[in-house]
Amino acid sequence: MRKKRRGFLNASTAVLVGILAGFLGVVLAATGALGFAVRESLLLKQFLFLSFEGNTDGASPFGKDVVVTASQDVAADGEYSLKVENRTSVWDGVEIDLTGKVNTGTDYLLSFHVYQTSDSPQLFSVLARTEDEKGERYKILADKVVVPNYWKEILVPFSPTFEGTPAKFSLIITSPKKTDFVFYVDNVQVLTPKEAGPKVVYETSFEKGIGDWQPRGSDVKISISPKVAHSGKKSLFVSNRQKGWHGAQISLKGILKTGKTYAFEAWVYQESGQDQTIIMTMQRKYSSDSSTKYEWIKAATVPSGQWVQLSGTYTIPAGVTVEDLTLYFESQNPTLEFYVDDVKVVDTTSAEIKLEMNPEEEIPALKDVLKDYFRVGVALPSKVFINQKDIALISKHSNSSTAENEMKPDSLLAGIENGKLKFRFETADKYIEFAQQNGMVVRGHTLVWHNQTPEWFFKDENGNLLSKEEMTERLREYIHTVVGHFKGKVYAWDVVNEAVDPNQPDGLRRSTWYQIMGPDYIELAFKFAREADPNAKLFYNDYNTFEPKKRDIIYNLVKSLKEKGLIDGIGMQCHISLATDIRQIEEAIKKFSTIPGIEIHITELDISVYRDSTSNYSEAPRTALIEQAHKMAQLFKIFKKYSNVITNVTFWGLKDDYSWRATRRNDWPLIFDKDYQAKLAYWAIVAPEVLPPLPKESKISEGEAVVVGMMDDSYMMSKPIEIYDEEGNVKATIRAIWKDSTIYVYGEVQDATKKPAEDGVAIFINPNNERTPYLQPDDTYVVLWTNWKSEVNREDVEVKKFVGPGFRRYSFEMSITIPGVEFKKDSYIGFDVAVIDDGKWYSWSDTTNSQKTNTMNYGTLKLEGVMVATAKYGTPVIDGEIDDIWNTTEEIETKSVAMGSLEKNATAKVRVLWDEENLYVLAIVKDPVLNKDNSNPWEQDSVEIFIDENNHKTGYYEDDDAQFRVNYMNEQSFGTGASAARFKTAVKLIEGGYIVEAAIKWKTIKPSPNTVIGFNVQVNDANEKGQRVGIISWSDPTNNSWRDPSKFGNLRLIK
């Protein structure tokens, strides 16, 4: 028998150096052939190694029926591995006891190999189990998908935290989706770092002067200033800037080495009085580059008068010859003065785990998985052509490519000489060569855009804007030259990019193109492109194409061009986030597909892990990555559904650290991580059934109900919970409320069959909201069948119930009173609900349907008070005067701050009335500085009114939802669902502000007393420079009411 090597980490093709800082809780998986070892003499030391050669080495079963044995069936190394079988619960597995062996706050690395015998990919998870003075708790550390019959190494950094001396600490390896297969574990190792510190290669606090820093741009001034400092007494002051790229710079050539990743830190400060964007950028040129590149390391919003840290990483590939590496600081505001302090550059080779990992060879190729549906594309920076790992990942998964920047006008234009444009095609030609070598097609991006086009392109030799005739000829020359150069090599072009602005009267962006040529430039661009290459497919490309107003403008534009034979398709960019409602994307695809003969390309797909524009995670939260994956699965289900019109889906970036989104803040928007490993978002496309359940979140209002099978008004105050079937259709809509120790639930279920003993609903409540792989004593569930029979897991729980029959549907109501529990406002409980149809379960949160045995995947409900106001019946005169009738109804105030503060920004006191024809709103706005200079109406001093007539509180706008806006000069503008025909307003300026009176015509309901609608009112505050500095509403602190009615409050109509 060959003995296993002790003292090694078999990190298949992985090189690990350094400590674990910054990687805690993130799974890192290596791939490839086994056999490359990292010796203990490097910066990691091993203190636990389980080889399972002839025995279980102390590993124990987790789960009452689980059997673990040393087995010779298969082995990653040596002749034995640990066999795990007879699992009956999804969280059953093998437990590695580390009690007394690890310390709180210390960084560790778990490494193990796993092999599974099912016939499809399976999800594996690692849990940390802790028992200490705080009690027993479980935390999921990592998720990784493993293909059948393949030894996969999984690496899991962890750092335990104990309260007092722990009675138990262990790690559990399990496969939490299915139990009907055997898996094996081998080479379990736990390592900890030896002493090692980061290597600082450059650092300055400017206390000793400017050093090697230089002004960037003519006339720019840099100086040492004692006025402000992040540390010490001095900082670097940058002034007299005239362009965005002007700033302060330092050459790092000779300091930074090839084949290394560096961490950059700096602190920046500005005092303009407004938020500003300041950017840390690397200017670089390798001998293989045809031109100098400018790559953001980090951009951040910097509030006035605050020091903000910019931090990011930058990698210099091995094997390149460096000609220029210059670090500089810039701002999108070309005249902004700013300060820089405490700049530091760290060689992370000695500061982190660095995994030199290869693309996973064993996973399916995306282009093969989707070959019957559409091409799979990827947007590429030119640096991939010198990186063999990049090339391997691209060629395995993609059959279409797009130049990320190198086919845009500013990359192709080299100047103008004697009135003729000069071009540079060297870098762009590399994309053609690469595609041809790897069996790929090329999408050209982009010909006509308001951005990344040089200013001189629109001007004559004297700096004056060209005439329409001159601009038309320049457009013709540019398109004929570029498209002609790539004729027969680029199969599709984004001819016009981002020309639509739904806030303009004609729906078109007021770009320099429009300024000179009016709307004609769009049609001419397509005409010239068709002339230059009749066989190329021509597309109009834009972002947020799913927003209803913008969608409709694009539809009309493209339909007109299609009827003229000038266009072939629509490019839907799909730069989306976790806040995006995927149903709106399907509605857009559905509408666009009605244009005869149209093609659709998904041109720039990525999914941010954020819901807002301000958060910034140091590491991607597990729940965000799971939600991202579920969004991706939804998307590709839709893309496949419409594959008769969708012919190309392109990801905007190869892997997370190459994404444009990661330069602005930490983000992980793509399907491969920075180490070339497939994320859950990849498996969402290939095998969505393996995804971990996405624990849902919602909120319910306080209230009581009489359980008689009718939806009391109290239920209307809570956001509905929807359960979907396999096709994405709503299976059930459920509302819950809480009071004291009782949860009330009312629901309506779609069910075409009548099988009383096999149809029903199940409610699961986890009062302490602790997640465990078993039920705790307080966990409660009730199953109610449509024959009125029920199953309750606790004898002391009081249940009242009602089932109401209907045609192809039924309703139910329950109250569940749990003794010894007192629910409280602003607390959280675990919760789930499932619909049972003909014996099949459809769950809201735990899609493994294992709620009866564990609470790991229950959803979370926040218990809230009631956000409700009343509107009295009455009809005012809309004239800007405050009629006496307004004093008969309740006054509410805008106090939910999304931007600014209650003390410094505009707020309003609001009253609401109603009659059979209209909803009436009076807003008395406190705002001493009034401005409407901004071209965006939402950034002017204005009042916005949001209504949700059916109060469904969906996460997207239904037909009854609407957003109305009026500024202090009585100029109206509209969001989704609103129109001038429904909106009558009057505005009066008063000392210190203005009064708004508005009437909004009902659209879908006939109101009556006790009707409850969704409602919000928002005040936008602009400063004297026309910048929006305040957003304060009645009910929504997230500033998402414009797209998400679930943020609205409740308005009850009374007599």
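Numbering starts at 1 and runs along the chain as it is shown here.
Cβ atoms are placed via backbone N, Cα and C, with glycine included.
Swiss-Prot has this to say about the protein:
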- Glu498: active site, proton donor (ACT_SITE)
- Glu604: active site, nucleophile (ACT_SITE)
- 360-688: domain 'GH10' (DOMAIN)
- 720-851: domain 'CBM-cenC 1' (DOMAIN)
- 895-1040: domain 'CBM-cenC 2' (DOMAIN)
- 30-357: region 'A' (REGION)
- 1-29: signal peptide (SIGNAL)
Three-class DSSP secondary structure - Glu604 (active site, nucleophile): strand
Average pLDDT across the domain 'CBM-cenC 1' (720-851), rounded to a whole number: 96
The domain 'CBM-cenC 2' (895-1040): DSSP-derived helix, strand, coil residue counts: 6 helix, 72 strand, 68 coil
Helix, strand and coil totals (DSSP H, G, I; E, B; other) for the domain 'CBM-cenC 1' (720-851): 0 helix, 71 strand, 61 coil
Where Glu498 (active site, proton donor) falls in three-state DSSP terms: coil
